[in-house]
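**Student:** Got a structure for you, questions after.
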Amino acid sequence: MEPWSRWKTKRWIWDLTISTLVLTFLFQAREVRGAAPVDILKALDFHNSPVGISKTTGFCTSRKNSKDPDIAYRVTEEAQISAPTKQLFPGGIFPQDFSILFTIKPKKGTQAFLLSLYNEHGIQQLGVEVGRSPVFLFEDHTGKPTPENYPLFSTVNIADGKWHRVAISVEKKTVTMIVDCKKKITKPLDRSERSIVDTNGIMVFGTRILETDVFQGDIQQFLITGDPKAAYDYCDHYSPDCDLTSKAAQAQEPHIDEYAPEDIIEYDYEYGETDYKEAESVTEMPTVTEETVAQTEANIVDDFQDYNYGTMETYQTESPRRVSGSNEPNPVEEGFTEEYLTGEDYDVQRNISEDILYGNKGIDGRDSDLLVDGDLGEYDFYEYKEYEERTTTSPNEEFGPGVPAETDFTETSINGHGAYGEKGQKGEPAVVEPGMLVEGPPGPAGPAGLMGPPGLQGPSGLPGDPGDRGPPGRPGLPGADGLPGPPGTMLMLPFRYGGDGSKGPTISAQEAQAQAILQQARIALRGPPGPMGLTGRPGPVGGPGSAGAKGESGDPGPQGPRGVQGPPGPTGKPGKRGRPGADGGRGMPGEPGSKGDRGFDGLPGLPGDKGHRGERGPQGPPGLPGDDGMRGEDGEIGPRGLPGEAGPRGLLGPRGTPGPPGQPGIGGIDGPQGPKGNMGPQGEPGPPGQQGNPGPQGLPGPQGPIGPPGEKGPQGKPGLAGLPGADGPPGHPGKEGQSGEKGALGPPGPQGPIGYPGPRGVKGADGVRGLKGSKGEKGEDGFPGFKGDMGLKGDRGEVGQVGPRGEDGPEGPKGRAGPTGDPGPSGQAGEKGKLGVPGLPGYPGRQGPKGSTGFPGFPGANGEKGARGIAGKPGPRGQRGPTGPRGSRGARGPTGKPGPKGTSGGDGPPGPPGERGPQGPQGPVGFPGPKGPPGPAGKDGLPGHPGQRGETGFQGKTGPPGPGGVVGPQGPTGETGPIGERGHPGTPGPPGEQGLPGAAGKEGAKGDPGPQGISGKDGPAGIRGFPGERGLPGAQGAPGLKGGEGPQGPQGPIGSPGERGSAGTAGPIGLPGRPGPQGPPGPAGEKGAPGEKGPQGPAGRDGVQGPVGLPGPAGPAGSPGEDGDKGEIGEPGQKGSKGDKGENGPPGPPGLQGPVGAPGIAGGDGEAGPRGQQGMFGQKGDEGARGFPGPPGPIGLQGLPGPPGEKGENGDVGPMGPPGPPGPRGPQGPNGADGPQGPPGSIGSVGGVGEKGEPGEAGNPGPPGEAGSGGPKGERGEKGEAGPPGAAGPPGIKGPPGDDGPKGNPGPVGFPGDPGPPGEPGPAGQDGVGGDKGEDGDPGQPGPPGPSGEAGPPGPPGKRGPPGASGSEGRQGEKGAKGEAGAEGPPGKTGPVGPQGPSGKPGPEGLRGIPGPVGEQGLPGAAGQDGPPGPLGPPGLPGLKGDPGSKGEKGHPGLIGLIGPPGEQGEKGDRGLPGTQGSPGAKGDGGIPGPAGPIGPPGPPGLPGPAGPKGNKGSSGPTGQKGDSGMPGPPGPPGPPGEVIQPLPILSPKKTRRHTESIQADAGDNILDYSDGMEEIFGSLNSLKQDIEHMKFPMGTQTNPARTCKDLQLSHPDFPDGEYWIDPNQGCSGDSFKVYCNFTAGGETCIYPDKKSEGVRLSSWPKEKPGSWYSEFKRGKLLSYLDVEGNSINMVQMTFLKLLTASARQNFTYNCHQSTAWYDVLSGSYDKALRFLGSNDEEMSYENNPHIKALYDGCASRKGYEKTVIEINTPKIDQVPIIDVMINDFGDQNQKFGFEVGPACFLG
């Protein structure tokens, strides 16, 4: 046998083997996934047009190679279609994984179920809801997933009035929706592993059972297939694009090709039916020859391109390997059969067979997604389930070499394809500016174009020789339906009927549902149509048509490009002098301007010394713009400016004159064909263009009936130009046509908009100055002008009204202290203020006279143990030397030796207080006195407050206390001012009342032990110190470091009284304490010398406007100030906002095209345009310029106490006020219970000076010191380290007073000085026996002042009671605040704290102190024992009488129940008539309890009288809890029968008497024993009845609120709309709130946004970005809501209100200027629609919320000022009220918006 014969025989056997294998695999693949899809429309008999179904045009109006459009069905709301599920799934098995495929066009804006599948129990198992937010409902036999887990595709909107191809794939636990073959969304589907869908029920089309919403719209195809991958191929296999032919033979012309292989499937697209027709078997398998295979190579590639099952990124997980066309075995088996086994249906095999038999199609090379590297062997088909398992094909020689997708076919031409050129770069978008587009006349005919490329592929060639026999085809799809059969049996559901013969069947809810199912299953007799057939194959491209006749002159074209700028025109004539422009509006605050004009003279201040010449300050803030001046003369024309940057694209200019004809362009090379774009929306017809050469076939238009070709008619007139349509997709480039003849000149176009201004003309000559015009409207803000000259001082204006509170201005410079005013009259005591922050410590005052013995203070905390000093006897008291001038700081001196011991002097009698002497100059420091002998060691005293040693400050005079003024409301705390200069000491005032104890200060650092102090007299018993034996007096040790704070020791016993020590030396000034609040003003200090100029401080925040003060007297006219330096010219301010658009001028003639000029100089301001229409209500404007101060207004009323302000900075120490009048002494209150230990307080404010103490023991006179002369002013040195204390020197002899030295710099504020010497000890009281707690007494008057102790936790404010006995020893308290200032001693170093002296004798009554701060709420005290009952109180105020209820019908008499507890006591009635038998029992006076038992809360009632209105319980106090009823008192003598009830003729029902009489008849006289109790019972019953009436029919008042307005309307249908109180949680009515009830709308409950959320005015918002939430704006915030009284609403109440609500609505009004709010007419979309944020933080928009509607959409057209009203009416209550809004359409030059937020209304 010849070699070629052997090879050919082997090859034939090989081909047969391959074919057999392929057919075997295909057959198995069909078994796996080849089940025919279920055609729902066919099963439901849509093609016979049941009720509510009609035929209409479908998805494609025309298809390639098809005359007729697709047929779809229009479904209206009358359609009621259903069928048994088994009719659709005859096998009774619904696939576990499946695809639902449908092509629909729902009615715009609808949302309804397209398919509902129920099981035999009436439970919906499957549903597809389509519309604005599609939902896939699935519930298997286990009830999974639950409804809240149904997949919701909220980002998809298929109810937009357009056709959509939707495929849903359900595989395992995911559901994927593919819309229009592009958008793919996958959601989890939480179903069971083996979920089952029952097919024993029915399927309902277009709705759900018992639901009113039905599907309305068009549907073309509706399939369910058991292949979950079919959804991915929906647009390839089931519903191809309109420009593709069906991949099977066209079903619209059914025939069987003579070459058709077996099992070619014909898909009919006529109306969504699938005709499964098997072609006749071809008996002979065609032989595949080499020629056929060679021809087939391109077809296989091309046809596989049509079955691209996803992009490479989706399915290809590794790059394909390049495989050469080697002779490897089984290429088809490896390359294709794997794909077929995966379940891909018939099309791939069909195309292989079809192309082998029909001839080939040229390879295209433009769409091959699967060809990556160029050879055919690089096809990688993967099974869908196994994306990672790659099977590589190895092509055999018989397939030939593949062609790479990248290859350009320029060298070869395969089957008539022309060479494709490379695609050119995309051109820049044209920018046509006004004046640039000048349309010329048509040019002359151009030269003939270049030879065009070869045409598109021609028709298929003749059939080739019969090929080898192909493999057996797959089994065909089921055949077409047969004739309708006889009516089938109805679906019978076995129902269990209950009841007997006389009663109808008992129907359960499920059976009723199933009956509804049966009613909807009545249209199950006719056979439904099948699915649509496949699209036909694309037809050949037609050849070029003949040249058309010359067209008529076209309409005016669009404006041409802007011409080159022409040369400047001739100089214009001088214009007339224009009128001055109108004043501009207030601009935005500019940059800091130059120095402003001098303001009006203020009130003259106190004459001060001339200060230093100030340095030049930094540039100040901008001044307010001045009024516009008269327009200046025109300046000379400036030099030509440099060229500016290209301006923005301008408006379309007027049509220019035609330009010369241009040269014909070179023909472009045909680019490759681009991918098919989506079909754009149908545009409106554009203007007719000139006839062009025929282009390639465009997108199919709507298919009309094909008429016979008519003869050419006469030339018609050009029609009117239509509106421009939307840009369609770009067509393929056509061939270059020949240039046509020049057309006739078209008519002039319409007047275009005004073009850009031309170049600036030459300056004209000055015109004649015109008359001054009237003042125009206020223009917009101009730039800030330069500072003008100072104007003349104007006349004093009249007194203006008090203006509203301005915004906080910057902090002004500190003013000088004014003169001290006369004390005003004492006002009434104000309310007690809140606890203020402790003030700064004051300067130490002089030692006052000895105070009276105070009450025992609270025990202080244990201080640190001081070093034990050597007790000396009291030395002689030296005379006080004159205060010397402050010297410079000396070096640390050595510790002096102790002085000689002095003798103790005797106590002198207390002398009378001396008159106030003049303030002497400060004397020099005395020498240390001689050391005294050691005295007896006293018991350990309380440790003192060791302070860190500061520098010694000047001793100030103590000013007299001022009179108590009216306690005003607590003002906001001001910011801390700088520390002022220290004033001269004032003279000591008379003693003031001791204030309340200050809060404890923080513990200071431990100070060094001071010098040895003089022993004092025995003090009161101190608290026991730390335990330890007392040692002998040791020598003074060196100062130790500060120890840590030790733990609090146990409470010690009272120590024995120590001797009284003399006053120690004044301690040094300590560190400044924490800043306290500003104290009351002190007296005016002497005028200090001006300090040096400080640096410029930062501008403080504006202070809050205080109340209007009293008008001060007019001061003398001040002398004119010096002229200030002229300020520098400030920088130009910011650009003002754009002015109103002027009127359009007439169009100018087109200028010659000149070169682009440089930007000219800015022209002068134009005149203001005419006044525009009334604009919409604007927001509040920016704050206007601050006006000049008017004269003082009238005295305002005293305001209410304001809220506490923020803590201000420390102000200057004010002058001390004059002494106030002494207040009356109140009785001493009882000791309070010990409060819990409070936190350490801050340092207390300076207390008033106490009365002068008794004279101390006389000390030995020291040697006189020499008088020091006034030293020079010392500079303030740095604070040095604390030196060790020196021993006290002997006092010097009083020297002559030195001269006053110059005033030094202000020193730091010192701590208060040490306390003065304690008074003599009083007798120690014994612990009294605790008495019974009495009733709360009336608050006592304030007691005499006690020593400052630690403030306990504030108790409730009470008046001071009478003095109680001294209490037992209290717990050890925390360390107290530093005491009041001690007497002025000679300056020395701080000594150790001496032992506590005994209590002094009670002093005279002190003056009343300034009211202290309000304490915080203390813990409630223990409950006292019940006191004896008081006398019967006066009757309480009558309660609010409820509205009388309607009179009820007479009820049946009830039995008398057990005697209940006594009810609320009514108001005492008039005395009743005495009974005939016996006198009534005596009225118990005074509520003395009867002997029979304990006293109940109410006393025994008085004699019954006729009922008055129900009173409140008690004597106008709050109602307490009801107590147990007391035992009844002894019964009075019996009254006549029935008389008990007579006093209650109104309150008691009529049946009561009869009922009582019947009981009396049965029970005899026993009932009379309870006459008093019965009246209380009936009163209680009546009260209960009224309460129940109020609960059933609430009145909507604050005390009787309703749950919602709907409840109120149901209770009182005649109530008008208005404001009512509601309490949704129905608890205590104290949390009720007031709402607006809209009964007209059905009882809506409405709440309102707060003032700042009501809306914003129309503005351009230049600094904000579109697409931002309003809360992110600089001036934005989240929207919040209040009740109608402006109070915030409790969150719990809002939650209850929403629980009681079925739907809620809220309106939102968007005010716009050229800005869209909802629908955009220009783009035809909702892309820029508003978005809202609901209260549940859920975003609401057009796409995801069908409950938002535009009631009026004026902003859609973007024309001028309009508004859009949007209503959110939703059953999702949590979305309302909205709390934020996103605005998307603003930012352009003319766009503005504002909005108004309406109330949120809830309807129950």
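Quick reminder: no glycine exception, Cβ is built from N, Cα and C everywhere.
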**Student:** Do you know which of CYS235, CYS242, CYS1801 Swiss-Prot records in a disulfide with CYS1646?
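**Tutor:** It is CYS1801, per the disulfide annotation in Swiss-Prot.
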**Student:** In Swiss-Prot, one of 1541-1561, 1583-1603 is tagged region 'Nonhelical region (C-terminal)'. Which stretch would that be?
**Tutor:** 1541-1561
**Student:** With Swiss-Prot as the source, identify the stretch among 6-23, 510-527, 1716-1733 annotated region 'Telopeptide'.
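**Tutor:** That would be 510-527, per the region 'Telopeptide' entry in Swiss-Prot.
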**Student:** For ASN1707 (N-linked glycosylation site), write down the residues of its own chain that are at least 6 apart in sequence and whose Cβ falls under 8 Å from its Cβ; none is a fine answer.
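**Tutor:** In sequence order, LEU1751, VAL1765, ILE1766, GLU1767, ILE1768, GLY1798 meet the Cβ cut-off.
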**Student:** Highest Cβ count within 10 Å among the recorded positions LYS610, ASN1638: which residue is it?
**Tutor:** ASN1638
**Student:** Looking only at C-alpha atoms, tell me how far LYS610 (allysine) is from ASN1638 (N-linked glycosylation site), rounded to the nearest Å.
**Tutor:** 71
**Student:** What does DSSP assign ASN1707 (N-linked glycosylation site), in three states?
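**Tutor:** It is in a strand.
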